[in-house]
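Feature annotations, courtesy of Swiss-Prot:
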type	residues	note
BINDING	43, 192	substrate binding site
BINDING	118, 165	ATP binding site
């Protein structure tokens with residue numbers, strides 16, 4: 001828990017600039033989430049300015065939600081540039097497994113090297129070649145033990161930190177694995193909440209190593225969701241309260257409400 005508190009403190013002190021190449025559906029949502037937490041967002045995907053923008057950024061988040069051939073070129077190029085410049089990269093392979101194009105582009109980006117891969121059970125399964133576990137951008141049902149094993153297997157296969165999100169979130173770098181129990185089911189009734197997590201992971205990975213960064217993002221967001229639900233029981237007001245609690249969350253709140261533990265297979 002101490003590393004989560006320290007990571008949040010660093011984000012607010014350093015206000016990292018997070019370069020998001022993300023989808024049209026969530027640009028506003030994720031930018032506001034980053035601002036509420038204390039980071040600085042930029043949403044830019046033009047291929048012509050990628051190198052300049054990435055030089056300015058502290059981390060890069062790639063989200064394939066509204067993918068097309070132009071976005072693919074920008075995303076692959078951004079991954080290559082960020083790696084050359086030593087900037088951490090978060091990949092959110094939205095809808096991988098739903099279409100061959102999404103799966104292929106996600107694997108193409110992964111092959112260049114990313115620091116964090118965050119997706120639901122179906123998306124991560126698809127990237128490992130397991131089909132039939134995705135419906136659109138949503139994951140079909142699975143067991144917690146399956147999710148834990150999938151997270152560790154994917155981390156080892158892709159040599160990166162992997163988060164598999166769900167009722168329980170699992171994070172692994174192939175050696176250590178954390179389970180995060182924070183969150184609320186109403187998140188599933190608001191579009192873009194998974195994309196928010198990817199963006200926040202970008203803020204955290206700018207200030208600490210990937211395993212701690214990803215775990216910190218999931219715990220922070222999960223607590224914010226729980227606290228938001230205490231004050232707003234319906235999706236519209238809940239969405240607004242999420243921003244409020246990303247802004248309000250602090251050391252005392254994390255110490256009181258964090259539900260995270262290291263697990264073994």
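Glycine is no exception: its Cβ is also placed from the backbone N, Cα and C atoms.
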Where does residue 118 (ATP binding site) sit by DSSP, helix, strand or coil? strand
Which whole-number value in Å describes the distance between the Cα atoms of residue 192 (substrate binding site) and residue 165 (ATP binding site)? 13
Cα-Cα, residue 43 (substrate binding site) versus residue 118 (ATP binding site), nearest Å, comes out at 19
Return the residues near residue 165 (ATP binding site), defined as same-chain residues 6+ apart in sequence whose C-beta is under 8 angstroms from its C-beta, sorted by sequence, else 'none'. 118, 119, 120, 194, 197, 218
Can you tell which of 43, 118, 192 has the most other C-beta atoms within 10 Å, given these are the binding-site residues? 118
